[in-house]
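Trainee: Below is one structure. I have some questions about it.
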Amino acid sequence: MKEKHVAIYVSGGIAAYKAAILARLFIKQGAKVKVAMTKAAQAFVTPLTFKGLTHQEVYTDLFENDSPVPHIELADWTDLAVVVPATANVIAKMANGIADDFVTTALLATAAPKYVVPAMNDKMWSDPATKRNIARLQDDGVAILEPVTGLLAEGYTGKGRMPDPEAIYAWIAEVENIEQDLKGKKVLISAGGTREAIDPVRYIANRSSGKMGYALAKRALVRGAEVILVTGPTKLTPPAGVATYEVQTTAELEKAMLTHYADQDIVIMAAAVADYRVKTVAEQKIKKNAETWQLELVKNPDILKQLGELKRDQILVGFAAETTDLLHHATKKLQQKNADLLVANDVSRKDIGFGADDNEAWLLTRKNAPKATGKLKKTQLADLILSSALQLRGEC
């Protein structure tokens with residue numbers, strides 16, 4: 001943490017006093033610390049406490065600072081931002097891009113990694129709205145340290161208590177010290193599904209959520225790679241720091257992948273591409289006059305095969321989403337597409353199929369026997385795929 005610029009954002013919870021201890025821990029490890037507080041936080045701990053610890057002015061209001069744009073000044077200065085304690089209110093604002101005070105405005109302007117440490121009543125923590133907001137922040141690449149079970153301010157035991165400052169510091173230090181083994185590497189990733197128009201209203205699509213591809217992009221970025229993400233339509237937010245190109249059709253995906261392919265080190269085709277498209281797209285909405293309706297479909301370009309044919313020294317990773325004979329189909333695809341690594345998973349299983357947070361796969365290479373991953377979080381599987389690709393890169 002030596003010489004790191006750490007911005008600590010304190011919101012209004014009973015655990016606000018612990019933020020002062022955390023600030024001291026950062027300072028003892030050589031970090032430079034600045035603090036911003038919400039109005040509610042100042043009811044629990046005074047700004048003078050943090051000023052005395054950090055020897056820096058404390059940010060409390062958008063208009064009470066010598067700088068004309070203090071929130072941008074702090075955002076640009078920051079190497080890592082810690083929101084501690086993070087109330088349900090601040091979490092909701094962060095998740096939805098609301099910037100109505102100094103803390104939320106500065107956080108919205110901060111491109112540096114963000115660490116959020118929630119603390120609240122157990123019922124508030126378990127509320128569906130809070131769960132949605134936490135999930136959205138995680139999709140945005142924000143690191144979350146969940147509260148622990150302990151004695152709450154209400155006088156009973158429940159999950160919502162903020163971890164001790166020492167545990168918070170250890171967690172942040174561990175995340176910050178992730179090996180940058182992809183530093184200097186360029187990684188191109190496709191994600192999500194594609195849509196093929198039938199008429200101005202309807203289209204052919206698939207069930208891909210994009211979660212696997214986005215997990216790969218996030219983990220590659222964390223591990224130091226320069227990442228390009230080409231994504232079909234999803235409900236996910238592209239990770240900050242990733243160059244993102246949004247596409248709709250297979251043709252658009254093909255163009256984007258071929259445009260960026262040549263100078264990449266690792267290319268991962270995680271997108272679920274439509275195999276066929278409508279031969280002639282209707283200019284007007286097709287009316288439901290007939291009892292039956294026939295569409296003439298034509299085959300779409302095989303993007304993975306094209307990339308395999310163009311491959312020089314890139315490591316090419318493909319996916320095989322199957323419902324039967326998983327290893328047979330995956331082995332065949334590995335050879336036909338000239339891929340270096342193929343990730344095969346059974347999408348007929350609801351617990352690991354499209355839209356699930358978990359996945360279970362087989363990793364196939366040309367030289368080694370297929371390797372079962374076991375059931376993992378998609379972020380964990382993403383790390384395993386990236387490590388396997390990096391190992392293959394080293395063997396080239």
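Each residue's number is its place along the chain shown, starting with 1.
Yeah, the Cβs are placed from backbone N, Cα and C, and that goes for glycine too.
Just so you know, TrEMBL annotations are computer predictions that nobody has curated.
Taken from TrEMBL, the feature CTP binding site covers Asp275, Lys285, Pro301, Asp302, Ile303, Leu304, Phe319, Lys333, Lys337. What TrEMBL records for 4-173 is domain 'Flavoprotein'. The domain 'DNA/pantothenate metabolism flavoprotein C-terminal' annotation in TrEMBL covers 182-389. Summarising the annotation, TrEMBL assigns region 'Phosphopantothenoylcysteine decarboxylase' to 1-186. Per TrEMBL, region 'Phosphopantothenate--cysteine ligase' is recorded for 187-396. The transmembrane segment annotation in TrEMBL covers 6-27.
Can you tell me where each of these features sits in the structure?
Mentor: Here the Cβ of Ile303 (CTP binding site) has 24 other Cβ atoms within 10 Å, regardless of which shown protein chain they belong to. According to DSSP, Ile303 (CTP binding site) sits within a helical segment.
Long-range Cβ contacts of the transmembrane segment (6-27) within its own chain (Cβ-Cβ under 8 Å, at least 6 residues beyond either end) map to 33-45, 49-50, 53-54, 74, 77-87, 89-90, 103, 106-107, 110, 112, 119-120, 153, 161-162, 164-166, 168-169.
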Trainee: Which residues in the same chain, at least 6 apart in sequence, have a Cβ under 8 Å from the Cβ of Phe319 (CTP binding site)?
Mentor: Met212, Met269, Ala270, Ala272, Leu342, Val343, Ala344, Asn345
Trainee: List the residues of the same chain that sit at least 6 positions away from Asp275 (CTP binding site) in sequence and have their Cβ under 8 Å from its Cβ, in sequence order, or write 'none'.
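Mentor: Correct list: Lys299, Asn300.
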Trainee: Tell me whether Asp275 (CTP binding site) sits in a helix, a strand or coil according to DSSP.
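Mentor: Assignment for Asp275 (CTP binding site) reads coil.
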Trainee: Looking only at Cβ atoms, how many others are within 10 Å of the one on Pro301 (CTP binding site)?
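Mentor: Summing over all protein chains shown, Pro301 (CTP binding site) has 15 other Cβ atoms within 10 Å.
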Trainee: Where does Phe319 (CTP binding site) sit in DSSP terms: helix, strand, or coil?
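Mentor: SS state of Phe319 (CTP binding site) = strand.
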Trainee: Output, ordered by sequence, the same-chain residues six or more apart from Lys337 (CTP binding site) with a CB under 8 Å from its CB, or 'none'.
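Mentor: Non-local contacts for Lys337 (CTP binding site): Asp302, Leu304, Lys305, Leu307, Gly308, Leu316, Gly318.
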